[in-house]
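Residues annotated as repeat 'WD' in TrEMBL: 88-129, 130-172, 173-214, 215-256, 257-298, 299-340, 341-382, 383-415. Per TrEMBL, the feature domain 'WDR36/Utp21 N-terminal' maps to 104-288.
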């Protein structure tokens, strides 16, 4: 094995090693999820050297510089205020979802008008309209980090795969017998997973357009799904009150996570694939150990349905959004509530962290999106202007642009 070069990953903090083995170029990552500006670099380097043979004595100074750069990035104060850059008359009917590509150079919007549109973030210009679905385009995603393909899931029971560059449709995935309401690319961008009201999830091959497997076992609609960061496991959340963990290569169910007393609204893996969080109509969020399927904690406190849950990039923080009009941030280590985000005047349907993990963005039925300080729970900014409910909102990877999508048929770019 011969180390070729280092690559820096800011979020979550890590160093990627590019090395040669048997004539082939490979990569592996040193995840530094606990890194802070206060971390002792000497101690950290000696710990890295014990577990990573590629980091030899001659490389120590290089690694030290990289760690210092990561610490500088983590220590940067984020006092950004967002201003409306453009309000786009995006669709002729309400928007369902919005999503960025990895670089943030473009974003997509899905709509009840049966289309998905690709937009240039810098100019607000429409690049392509993806036409072909015969009903609502509900679930949309880029194949990040690559960003050259888009998947759209529709109430017409099909999923379509599109070229970002040309706007042409590569494949139409047919097989579900009811609406597709959630989808995701695996991290390798070789598969798309779709979840449907027909109680099944399906895995599709991106190259051939063929169905790889059908994941059967739920007794009600699948509303949410998520791959882990390795891509070997998929988690699905259903209206049958259960969550299933699947082995992707075999399509077999590994665990059924039982404990919620209401429909599941949202599921997600953390970065290191060790934990799964689930939000439910039973007003709680649960934290599960992926390896055993054991419930580690129940995060209670909301007075109405939990509609969305998410981890930050490092997997150390959990955010929950509720129909009670409040959101909460919890520690994924101690399970304690860190902050309560209270000032919306309607239910909060979507929540996400910025990549830095310092801010939370919420989208609400009160026609506003709000930006919050994670640690204090202070509302830093109210993004106003939409004339109807905001169904979806997203940060770009850099954390300097926000997209909001609304029932008022528009999307707004804030930066």
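Placed from the backbone N, Cα and C atoms, the Cβ positions cover glycine too.
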- Item | CB contact flag for the repeat 'WD' (88-129) and the repeat 'WD' (299-340), at least three pairs under 8 A | no
- Note on the structure: Sequence-distant residues near the repeat 'WD' (130-172) by C-beta distance (under 8 Å, 6 or more away from its ends) are 96-103, 106, 108-112, 114-118, 178-185, 189, 192, 194, 196, 198, 204, 206, 209
- Against which stretches of its own chain does the repeat 'WD' (215-256) lie, if we need a Cβ under 8 Å and a gap of at least six residues from its ends? 178, 181-188, 191, 193, 195-203, 262-269, 271-273, 276, 278, 280, 282, 288, 290, 292-293
- Query: If you run through the repeat 'WD' (173-214) with DSSP, how many residues end up as helix, strand and coil?
  - Reply: 0 helix, 22 strand, 20 coil
